């Protein structure tokens, strides 16, 4: 498209990133429509599920075209496992199958090196988390119904009493305000958002009452939305400045080779900071889309202020100013950290838990050697820190 080509040249990004930006702006617009014209409520749950599904398919098709068939191919066998396998086996089978399919896409992209083609791996990464967590949550619900205790309180909050209907599953998997790059959500949180039952996560009765009194104001989240818009502007300006002055391809220039050690160190540090801005920008605009749809409320903090941890996926300052590896890891890609904790760490013997988490995280990210260097280093630091 001439418009996309022109916009890409004007901004200085490739066409795929322009399509992503267009899709996110469209998702923000549709999120406002969902929140205002189809507000939460059990009587409107079908309309909300259907809206999520239709707009999600449209957003993904705008961004990835016919490649969205991979999402369907991954989802169908996983659903069939839920139907026909014992849940105690299905939860692990779905995790292994989803990761295997995602890995096949990662390997294909790595092997072909065809960067001009559309990379569907990001939505598949999000869907892998949704499918696997759904299986574990259903099994937890069955165990609770049978009187068997679960490992942690959060497993009880996320437990599901029965298998979701197809419309519910479609709305969950293709949820338009987080289907492209996340943050992923657990099905129980999605259902509470659709039906307006966010207060069910709150254990304190006084805070439940407070939410019910101010639920419309809390869902609008004006203060949090303004904060995220400011961060979005900041990351945009940092991207423009950093990539204009600290381009990574200059690392291969002869001029760079002649610089002193400290000049190289400063340049690489700022270049890495510039590269992270792309992730900050993408996750922040996705956070804005979630908030516009009315999704994100996760409870109240110690001061009684609403928190929106389900909408956000990064915390900028703790990442850049973190004083420990744990602080940085806990602030980066928080939805994935939550998924790894509840679907991997809690499900394997404690002696293997840390290594299982980092191995699963590395495979989930892909097969570039840098991932494994980073995650093995992080695992060693975590184990030594204990």
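Keep in mind that glycine also has a Cβ here, set from the backbone N, Cα and C atoms.
In TrEMBL, the transmembrane segment annotation falls on 280-300 of the listed ranges 259-279, 280-300, 301-321. In TrEMBL, the annotation transmembrane segment applies to 50-73, one of the ranges 50-73, 122-145.
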